[in-house]
Amino acid sequence: MYQTVRPLLFRLDAEDAHHLTLRGLELASGVPLLPRLARTLTVPGTQGPGDAALRRTLWGQTPSEQTFESPLGLAAGLDKNAQAVPAFTAFGFGFVEVGTVTPLAQSGNERPRLFRLPEDEALINRMGFNNGGTAAMHARLAVLTDRAAPVWVNIGKNKVTPNEDAAEDYRKCVRALGDLADAFVVNVSSPNTPGLRALQAADDLAALVRAVLDEVEAGRVRTLRRPPVLVKLAPDLHPADFEASVGAVLDAGASGLIISNTTLSRGGLSHPNREQAGGLSGRPLTDRSTELVRDAYRLTRGQVPIVGVGGVFSAEDAYAKLLAGADLVEVYSALIYRGPGLVREINAGLVKLLERDGVRNIADVVGQG
């Protein structure tokens, strides 16, 4: 069905099509029982045997423990304001990452700021953290009392906040959403907020992560919860800087890594939109992000979970990242090109790959490639 609708959507400006689709998903999310019923058709095992094959538990035996019915999640950026979480979980995602959210609402960069590269199965965006702020997100998350999957919140700083004060913006996000977020993702790697990537420098990153963790601990008295804190890194770091940043994340006590954000690289692209400024996502990142996952797994020695994201268009792509060391994987750009049915396709494909390799649970392939 999506392949019939896609040509119509692709006639629209990319951001207009995004808003139209998201509005439809928001309306579907509000239909009682519909998202949960749809989920029984999209998550392997909800209707029959072998339902444990894709199930993962991370941060076990701690206040941060979470269970995922599938290792496949929605990457941040598609549902910036948590408008359609029930619909996305109905697709079959094992978790949903919303945001990036900043303490105050902001409009982001000027349009046009989102571009398709169909021949390359890629997107370029320079959105600039456009979002409705933490208060609006809190109101939306507060009504999701019966969540089918964990909801992670990707947090950032407002554009007007200088880097020396950035930690307070991240703390404000945690303070505002700590009672509702199942995890926080510290975004210091978007290329579309001036100076943001400088916060990936090891010393600055360690200080920022500690500030976020301090806020999480301070909130435990009020919320009785301790959501894990993950850090999302860029794919464009020099290898030595990447190693230093990963080490800083570990030393500061973060709970995991997301590898990786969009890239500024333009190698091998054919579409004219390759000249647009912004972060590139999609198929061109498939191999690069998988290699970075492998590097991160080697550097961390499997001490913390890794989420692999970048160019996941098939079960084989997801499986490659798991073999490289990812515990979970995320998709975004592939949804634009393949549609929501891709989620079920990847889930079912992962089950078949496990059966082919004689593996009972997805956890047993992590880091084995």
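Cβ atoms here come from the backbone N, Cα and C positions, even for glycine.
As recorded in Swiss-Prot:
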type	residues	note
BINDING	A76, G77, L78, D79, K80, T100, N154, N187, K232, S260, G282, G311, Y332, S333	FMN binding site
BINDING	K80, N125, R126, M127, G128, F129, N187, N192, N261, T262	substrate binding site
ACT_SITE	S190	active site, nucleophile
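When the Cα of S190 (active site, nucleophile) is compared against those of the binding-site residues A76, K80, K232, N261, Y332, the shortest separation belongs to N261. When the recorded positions N187, S190 are compared by the number of other CB atoms within 10 angstroms of each CB, S190 has the fewest.
Between the binding-site residues K80, R126, K232, K232 has the most other Cβ atoms inside 10 Å of its own Cβ, all protein chains included. Fewest Cβ neighbours within 10 Å among the binding-site residues A76, L78: this applies to L78. Put simply, N261 (substrate binding site) is 11 Å from Y332 (FMN binding site) when counted between their Cα atoms. A 10 Å radius around the C-alpha of K232 (FMN binding site) takes in these binding-site residues out of R126, G128, N187, in sequence order: N187. Counting only same-chain residues at least 6 apart in sequence, those with a Cβ under 8 Å from the Cβ of N261 (substrate binding site) are N187, S189, S190, P191, K232, L233, A234, P235, G279. DSSP classifies N154 (FMN binding site) as strand under the three-state reduction. All protein chains included, Y332 (FMN binding site) registers 22 other Cβ atoms within 10 Å of its own Cβ. Take the binding-site residues G128, G282: by the count of other Cβ atoms within 10 Å of each Cβ, the lowest one is G128. The Cβ centroid of K80, N125, R126, M127, G128, F129, N187, N192, N261, T262 marks the substrate site; residues of that chain outside this set whose Cβ lies within 8 Å of it are G77, T100, G108, S190, P191, T193, G278, G279, given in sequence order.
DSSP gives L78 (FMN binding site) a coil state; it is part of no helix or strand.
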